[in-house]
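Features of the protein shown, as given by TrEMBL:
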ACT_SITE  E16  active site
ACT_SITE  S179  active site
ACT_SITE  S314  active site
BINDING   K126, 171-173, 179-180, 209-216, 302-303  ATP binding site
BINDING   D289, E303  Mg(2+) 1 binding site
BINDING   E303, N305  Mg(2+) 2 binding site
Amino acid sequence: MKKLNIMVVFGGQSGEHEVSLMSAASVLKVMNREKYNIIPVGITKEGIWKHYDGPIDKIPTGEWEGLGKKQEFLSLGKTATSQIDVVFPILHGPFGEDGTIQGLLEMINLPYVGASVMASAIGMDKAMTKKLCIAENIPQAKYKTVLHSSYIKKQEEYIKEMEESLGYPMFVKPANLGSSVGISKAKTKQELVEAVKKAFEYDRKIVVEEFIDGREIECSVLGNDEAVASLPAEIIPSHEFYDYKDKYFDGTSRFQIPADLPEEVTKEVQQLALKVYKLMDCCGLARVDFFVARQGGRIYFNEINTMPGFTKISMYPKMWEATGLSYEALIDKLITLAIERFQERPQRY
């Protein structure tokens, strides 16, 4: 059988650049060279695209940049764009997970792994995702969306409104970032002011949420129109919440995979994950995060990640391993799903 040419894109210009490098290195290490010709392409923080065919272990360290060859995107060395069978954009955050590269790939008619332009854009924007979920009566924490241009004119009014409507403690997040970048927990007015300032360093729009005293439960979804949900997992944070440092460096938080939940709660989490996935018209993959309240057990939707962390120890592949699908088989399935979705598109003229 003919090998498929798979272009793996990593890096990017977001605050999650380093996460992307780690995810891509993990994927590249296990991709089956008997099935695929692999074309690694890195994007620097400055937005320069480089074809990289050096050692995989130089990717997470950032050393790949000095070894990669700058190439025009539509002419990757000897591999023309028309020869690429599937693009796997392992990019997290803005300029990668937000519909931008998906739009580019749609324009040049290339199959790609993951969500469409629309689903990627909505999934990246926490505020837009929440609005969509409200329309479908999906339970979630109370929240406020704040624009920087408005906040700087009426800072005291906004702080007072947050205090009165959400109460302490509360979480402050950039609207368009993942991996817990820029997120803070505020327990006092001073902490709230600092948290808002920090979040605005990453985005012009922020989301401020009430605190839910709950267990952190995640669920992986895989598929196109006929998607399936994995067994859920639980994060047991070692700090006040599961932050960026703990996710990718300290690693002191604990995980329960699968989560120790009653069977009916497991099923409800899976059903809600699929409901959110289909509501956003996702395809390929996503990780859907929830809180399960410690008092009463109500399930609250938290957020969706359309290109979740993909290292071998990341929650998305670990949940599938617990469900019976290996890391390598998961990558194969994602490539197959990308081809199937591309083949279902209306013919272009």
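Any Cβ shown, glycine's included, is placed from N, Cα and C.
Structure with TrEMBL features highlighted.
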{"residue": "E16", "record": "active site", "Cβ within 10 Å": "26"}
{"residue": "K126", "record": "ATP binding site", "Cβ within 10 Å": "25"}
{"residue": "V172", "record": "ATP binding site", "Cβ within 10 Å": "26"}
{"residue": "E209", "record": "ATP binding site", "Cβ within 10 Å": "22"}
{"residue": "F211", "record": "ATP binding site", "Cβ within 10 Å": "18"}
{"residue": "D213", "record": "ATP binding site", "Cβ within 10 Å": "9"}
{"residue": "R215", "record": "ATP binding site", "Cβ within 10 Å": "20"}
{"residue": "D289", "record": "Mg(2+) 1 binding site", "Cβ within 10 Å": "21"}
{"residue": "N302", "record": "ATP binding site", "Cβ within 10 Å": "20"}
{"residue": "E303", "record": "Mg(2+) 1 binding site", "Cβ within 10 Å": "19"}
Taking the Cα of K126 (ATP binding site) as the centre, which of the recorded positions listed as E16, D289, E303, S314 lie within 10 Å of it?
E303
S314 (active site) and E303 (Mg(2+) 1 binding site), distance between Cα atoms, whole Å:
16
Collapsed DSSP category at E16 (active site):
coil
Rounded Cα-Cα span from D289 (Mg(2+) 1 binding site) to R215 (ATP binding site), Å:
11
Cα proximity to N305 (Mg(2+) 2 binding site), best match among recorded positions E16, V172, E209
E16
Number of Cβ atoms other than its own within 10 Å, given for N305 (Mg(2+) 2 binding site)
22
Please tell me which one of the recorded positions listed here (E16, D289, S314) sits closest to N302 (ATP binding site), measuring Cα to Cα?
D289
Which ones in the same chain are close to S314 (active site), with CB under 8 Å and 6+ residues apart in sequence?
S23, S26, P308
Simplified to three states, DSSP reports F211 (ATP binding site) as coil
